[in-house]
Each structure stands twice: as C-alpha cells, then as structure tokens.
Amino acid sequence: MGNLMKIAIDGPAGAGKSTVAKRVADLLSYVYIDTGAMYRSITLKALRNGVDVTQEDELQSLLQMTKIDLEKKSDCQIVLLDDEDVTEEIRSSIVTRNVSEVAKHVNVRKEMVKRQQEVSREHSVVMDGRDIGTHVIPDAQIKIFLIASVDERAKRRHEENLNKGMASDLEQIKKDIELRDLLDSEREASPLKKADDAIELDTTTMSIEEVVESILTIVREYERV
Ligand code: CDP
Ligand code: CDP
C-alpha cells in the first residue's frame, strides 16, 4: 500500500474543486471523493427528519446510523444516502444554506474524516473539500488550494443553474457564497484554510482544462523527482 497517491484539493465554494478533482481522478484512474457531498447528504437527512442542525448530539447520532456512498458511474458520480440517489437533491438551496451549520460540529467532522481516511488507506485518491490538506490527508503528496474571485465564483454557479434550466439570482448566489465562505473560514473545527505546503492556483481567468493541466503538470513533476 506504500505506493498509494493522495491528492488534496481545497478551496472556497465555486472555485472549481469538484469539476477539476473529478477530471484529474478520471485521467489518473484514482478514486474521487467529494467530501462536500458527504456533509450535504447528512444535512439533507437532518432536514428531512426535522433534526435541529444546531444540535451536535442529535446530528452525531443521526450520522452514526446513516450510510453515505459515492458511486462511480461511467461518466459521473452519484451520491447515495441510505441507498437512495440524492445526487441532485443535495445541491438544493435549502441544503446549501444549512450545510455549513452542520459541518461546524466537531463530532460530525470526526466521523466524516474517519470515513474519508478509510478510503484513502485503500486507494489512490483525489479528495476535494475544505480541510483535506490540513486535516483529512495531511500526508497527501500533492495539495492544491483553488481560489477565484467571488464575482467569478458566483457567475459560475449562476450559469450552472441556468444551464440546468433552474431559476437563478446572481446577487443572491453571491451573498450565499460570501456567507458560506465566512462560516467555513471562521469556524473553530478544521476551518477552510490553505495548508502551508499547498500550491495555490487562482482560477479566476482559467478554463477548466487549464486548471486540470496545471494540476497534472504538478503531479508529473512530483513523479519525476
Ligand atoms: O460545491 P460547494 O463548494 O458549493 O460546496 P461543497 O464542497 O459541496 O461543500 C458544502 C459545505 O460542506 C461547505 O460549505 C462546508 O461547510 C462543508 N464542507 C466542509 O466543512 N468540509 C469539507 N471537507 C467539505 C465540505
Ligand atoms: O466544487 P466547487 O464548488 O469548488 O466548484 P465546481 O462545482 O467544481 O465549479 C462550479 C462551476 O464553475 C461549474 O459549473 C464548473 O463547470 C465551473 N468552472 C468554470 O467555469 N471554470 C473553472 N476554471 C472551474 C469551474
């Protein structure tokens, strides 16, 4: 197992983490782990069950009896919550508005990190989130911190919604992103933070292909030395 590779991709909402992480994982034949989808899934279950998202103990108990699986399909990844496909539903605005509250609880994070680390012990992984390089796989050989201006990140999410035929309000998206960035960066338990040894990429003016290529160049460089 000594040869397993770990690539950590962190950064704020809409920086392009999941799009880029998934492509890099596909190209390298590594397992992609969308840790945000895991926090979103338990948030959805809490909301459905009327569990108060400020109550750490209740959330922790709920998580203990919850199965979350990330399953690879030929051209996408689906998210299963207790075997139900919730891939779309976890992206709803109600989940997005509540997820940072759920993710701030230390005991929720401990359980999530345990599950994430289990996968990285058995497979080469590309994992994206907020605390991957700092807490989940601090021993990752490659750590990337993706950033982009808040206007660009809001625009990306807005266009994504419009492409899906959904109603979308650019100003509201920008406000929601700013609030989530603040909550994620200022929480006590493993906040959103660039690891000291992470490479920062500002993707504001970069295409997805350019970001993927930059990361692959970093991987090739690592493998050469
Ligand atoms: O895709 P987007 O950037 O909107 O968010 P996400 O990656 O799906 O993550 C949703 C939320 O989960 C974040 O805003 C964080 O509150 C939380 N999260 C976290 O705390 N730690 C992680 N490793 C991943 C996500
Ligand atoms: O996971 P995260 O919240 O960091 O971002 P994402 O969901 O991967 O990307 C948000 C949106 O921005 C997606 O629709 C991507 O296609 C788009 N994107 C882009 O236009 N240019 C990039 N360099 C990266 C992502």
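Counting begins at 1 with the first residue displayed.
Glycine is no exception: its Cβ is also placed from the backbone N, Cα and C atoms.
TrEMBL annotations: computationally assigned, not manually curated.
Per TrEMBL, the feature domain 'Cytidylate kinase' maps to 7-220.
Per TrEMBL, ATP binding site is recorded for Gly11, Pro12, Ala13, Gly14, Ala15, Gly16, Lys17, Ser18, Thr19. Here Thr19 (ATP binding site) comes close to Ile208: these same-chain residues lie at least six apart in sequence, with C-beta atoms under 8 angstroms from its C-beta. Reduced to three states, the DSSP call for Thr19 (ATP binding site) is helix.
Around Gly11 (ATP binding site), a 10 Å sphere centred on its CB holds 26 further CB atoms from the protein chains shown.
Checking the binding-site residues Gly11, Ala13, Ala15, Thr19 against ligand 1 with a 6 Å cutoff on the Cβ atom leaves Ala13, in sequence order.
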